Amino acid sequence: MKPRPKVFIAKPCALHVGIQDSGPYQAQPNAILEKVFISITKHPDEKRLEGLSKQLDWDVRKIQCWFRHRRNQDKPPTLTKFCESMWRFTFYLCIFCYGIRFLWSSPWFWDTRQCWHSYPYQPLTSGLYYYYIMELAFYWSLMFSQFTDIKRKDFLIMFVHHLATIGLITFSYVNNMVRVGTLVMCLHDASDFLLEAAKLANYAKYQRLCDTLFVIFSAVFMVTRLGIYPFWILNTTLFESWEMIGPYPSWWLFNGLLLILQVLHVIWSYLIARIAFKALIRGKVSKDDRSDVESSSEEEDVTTNTKRPCDSSSSNGANWVNGHVEGSYWAEE
């Protein structure tokens, strides 16, 4: 059963911007192709395509189209992805606003040395408690949902990220390192809602808005993850804490997890830089290097195939939607 916010808020918004409430185009039933798809390969090479063409007396283009539609049948429709992104956007934006509002009146936001003042005998206020509980619950949900979502190229990286994040939140809470923990969480939330907003624009086919949001997201991500994080967060956890309270056994584990996050930041920054470089060359945001989604989306298949049968010889079918389908899936997770 879908959560009610997705049904009563996200879905009407998706329908309002023109996203169709329909599943992917269903491939024409064919026992031979279905057996090849399930038992042999989902991406037949040229030699196998030619063999199937002779066996079925089908055009190669028609067989390629069948396999594309069959692969898309196993992927969630654009409406589902829009609703999921709207849920994440809402959470990231709300939790970021809550974090900024909470930290603005906290002394350690302006002076990171206050994170270690009187440690470990620091009071746990209700604001700190709720902040931690909300963040921890959300990342646990991401950890479990990752195994039911589409497997992507960065699955292992995301798995390590979720493990490190949950470990850091739990470990810092147990060891009462909640002050510096709130700084880490708020810093990471600063760019996440921008990415989800760009994905929403992407699904709604607002390409110019999508590109603008992606540029803003990239700038915020680079500044926060490669600038503020190492020179503000890691500086206080590695050096100021050493100076004020000295190293202790859990100190090494805590900083080790923080350094793992920094390595992941560098990897993601490289992926973002690649996308931005392609965007400069092609004049638009290109497909996400992590995405495993077809070059022709499910929504395209529904709209184009009601007008054009699968055995059409049109050569520009994959680039049909508004002339910018090439940039339609850069933001897939």
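FYI, residue positions are counted from 1 along the chain as it appears here.
Any Cβ shown, glycine's included, is placed from N, Cα and C.
As given in TrEMBL:
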- 35-78: DNA-binding region (DNA_BIND)
- 303-319: compositional bias 'Polar residues' (COMPBIAS)
- 33-77: domain 'Homeobox' (DOMAIN)
- 80-281: domain 'TLC' (DOMAIN)
- 289-333: region 'Disordered' (REGION)
- 89-109: transmembrane segment (TRANSMEM)
- 129-148: transmembrane segment (TRANSMEM)
- 155-174: transmembrane segment (TRANSMEM)
- 213-232: transmembrane segment (TRANSMEM)
- 252-277: transmembrane segment (TRANSMEM)
Tertiary contacts of the transmembrane segment (155-174), defined by C-beta under 8 angstroms and 6+ residue spacing from its ends, are 132, 135-136, 139-140, 142-143, 146, 180-181, 184-185, 250, 253-254, 257-258, 260-261, 264, 267-268, 333
Given the transmembrane segment (213-232), its same-chain partners at Cβ distance under 8 Å and 6+ residues beyond its ends are 112, 183-184, 187-188, 190-191, 194-195, 197-198, 201, 261-262, 265-266, 268-269, 272, 275-276, 279, 285, 330-331
